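Here is the structure we will look at, set down as structure tokens.
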């Protein structure tokens, strides 16, 4: 065969195995470097995602940092010209062990952060597209999706993220993403719907109980005007009747777990005893709750308030029991009933005063 027609064969070059090195705290082994250069030759320096997928042990950020260091080293080499023999020998033995300044390190950290944010935005968009396809039309009308990055423009951000919880900052929430916690940085509509249902299950029965406890001194014709309103004792007794702690620091702690428990109903076998009992409404059922002794004579006003508190701690009348079972079938009747109670009390007071004048 003629020498001109022979296929060209690339000569083999003996290459020593690459040594391990550390780049910004990330250790690169010789095998990882060989995979990196083979993928770089195959896909090019612009396709960082495929290069990282071929290596399988390095993230996009680590591959981008290593590639940027190599590019900057090559540019410095060209601008500097021929180095001394010692520098050439050092670069040949340790190609990635180059000292960089503090300014360059800060620039690299900013670039890595931007690259990470870009990847996270892509992940958020993918998750949003997948989630929006599963939303019903009713859920879409109730509430919009609130992204963490959009929350940066809210003026009431301090209310959403209290200063007492420094770990729940926007930066930390953005970093708590799929790369670390397998979660997307987005608050979905399902979470708000669950919170709304929990509040309905908790607040509506609580308001009913408070109105029942406040009924006696609201409609009392001889009570003072300042007593014709809901007192803190009414709220406290309503909370006690629902077996909830009256503590602002721990009240909402494990709220979902408490709401998920079934109602604990006490049999009305001790109704003839001398101990004070309170009848409260809860899902159209009658619940008998014992009042702790520390709240039996608790009052915040004058002697008239003591009498009102003693009346509140006694048994509810038959009218109160009918209210517990029938009157609050609709949650919207709560405020209307409270206004009716106050109006009836004022009319009875005016009637009694007219009788005394006569």
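Placed from the backbone N, Cα and C atoms, the Cβ positions cover glycine too.
On a predicted model such as this, the values are computed, not experimentally measured, just so you know.
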- [ ] With TrEMBL as the source, identify the stretch among 27-51, 52-76, 77-101 annotated region 'Disordered'.
- [x] 77-101
Task: For the domain 'Myb-like' (24-73), the number of residues DSSP places in helix, strand and coil - done: 36 helix, 3 strand, 11 coil
